[in-house]
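As recorded in TrEMBL, the features of this protein are as follows:
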TRANSMEM  B:12-30  transmembrane segment
TRANSMEM  B:37-56  transmembrane segment
TRANSMEM  B:94-117  transmembrane segment
TRANSMEM  B:137-158  transmembrane segment
TRANSMEM  B:187-209  transmembrane segment
TRANSMEM  B:221-249  transmembrane segment
TRANSMEM  B:256-276  transmembrane segment
């Protein structure tokens, strides 16, 4: 029986005067890739930011490992064991690849070094460009660095926002392989527009439309449900 | 040749004092996105606290420590009670820090009296060395050395230590730094305190250099600090050093060769930089999250 790692219950989020999330319900299970799907502007990125405390929820609750993190500041959420790979990758462009990794590493112990070794094997390009400034990396390399950085700490859950965005198909393939590999050691919440990618690596899905959860279930069921895909994702 | 050497030393010494003032300003702006117009107030309080400690203890070193402590305490109080409520709002920051600047300036008059205080250079730093026609004033050389040492320490800290990495990361993307587990508000506070301490140190070192301290000197030098930050590039530590040296040297040479332009030269330099390189001589890779 899998445990619920993350639970969002009737989450509402306001950004300025805008009511962005208007009732998001979502669960991420341990050891799975849980995918958030929806059209552009549906509220997927805001959902991840709300989990991280970057755009705190104004109503409802966010629980991680059965504890409410709704009011926790972002740095505490991260320290609880949630890694974050934002849509824009969030690379510190003036810092080298090495420095980007080092700044993310909260404890420089043997375990962290082993994880670093592991991600460098997963993303050999990072080793190649170890001393290169983050700003000089290609889009794919930035994505890999961002994922590696989120993985460097002993995170129980990693939130990944649109990892395939703007990348060449061959790079998307590499990113997908990396997520599958990372899944062996951590749980993942994935926001992805590329349904082909999402359906290949996702275990469960949650559909968000206009800031509300409209459907959720097993990914295999969604793959076969043409009506849902047409109605909420505009495909099929 | 001797004249050039003397002018260079004068310019470098002035530049280093401005650098110490501007370095705090640029750190505070670069990391915290805070326009701190009260920086001159921290400078003048550093000068008064340091000099009165120096006069009381008769130790210049203890005077410097007094200035640093005053800067750190004022920095702590300013960040906690004045800056924290106005993060993210530049207009409010300008208004409230300008107000604080005036309060700090007037408080100097209340606490230390309205008249200027003359300051003597400590005996071991007074006088000069003469090498032919080249006269090196000891205290100016001392300021130059202190300036470069401080620059070296900060460069080392920013480039080679984890704390420096955190600060540089925070300058570029605050949201991401937080998402990596960095308590950015605490980092803000420390950076503000360090910036205030640098301003106070600058004020303390300026005192024997100018020979007199007075309440209004904070505002006068703060303007130079802002010019240096604009020329050097907002948030760039190295840019501040280069710009401060430029401003110091330009002031020194102009005062000798074209005295009529000596007061305007800083503005002219800033205008030239703004026309041809509005982002300043050095830029940092700042990425704002959307």
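A Cβ is built for glycine as well, from the same backbone N, Cα and C atoms used for every other residue.
A TrEMBL annotation is a machine prediction, not a hand-curated record.
Of the candidate ranges B:12-30, B:37-56, B:94-117, B:137-158, B:221-249, B:37-56 contributes the most Cβ pairs within a distance under 8 Å of the transmembrane segment (B:187-209). Long-range contacts of the transmembrane segment (B:37-56) within its own chain (CB-CB distance under 8 A, at least 6 residues past either end) are made by residues 21, 24-25, 28, 62-71, 74-75, 78, 82, 93-94, 97-98, 100-101, 103-105, 108, 111-112, 117, 119, 122, 195-196, 199-204, 206-207, 213, 215, 217-223, 225. Recorded stretches compared: B:12-30, B:94-117, B:221-249, B:256-276; the one with the most Cβ pairs under 8 Å to the transmembrane segment (B:137-158) is B:12-30.
Packing against the transmembrane segment (B:256-276) from elsewhere in the chain are residues 3, 7, 224, 227, 230-231, 246-247, 250: each is 6 or more residues past its ends and has a CB under 8 Å from a CB in it.
Residues 35-42, 44-45, 48, 51-52, 74, 78, 82-83, 86, 212-216, 218-219, 222 of the same chain lie 6+ residues outside the transmembrane segment (B:94-117) yet bring a C-beta within less than 8 angstroms of a C-beta in it.
Listed as Cβ neighbours of the transmembrane segment (B:221-249) (distance under 8 Å, sequence separation of 6 or more from its ends, same chain) are residues 7-8, 10-19, 21-23, 25-27, 29-31, 37, 39-40, 43, 101, 147, 151, 154-155, 158, 171, 202-203, 206, 265-267, 269-270, 273-274, 279-284, 286.
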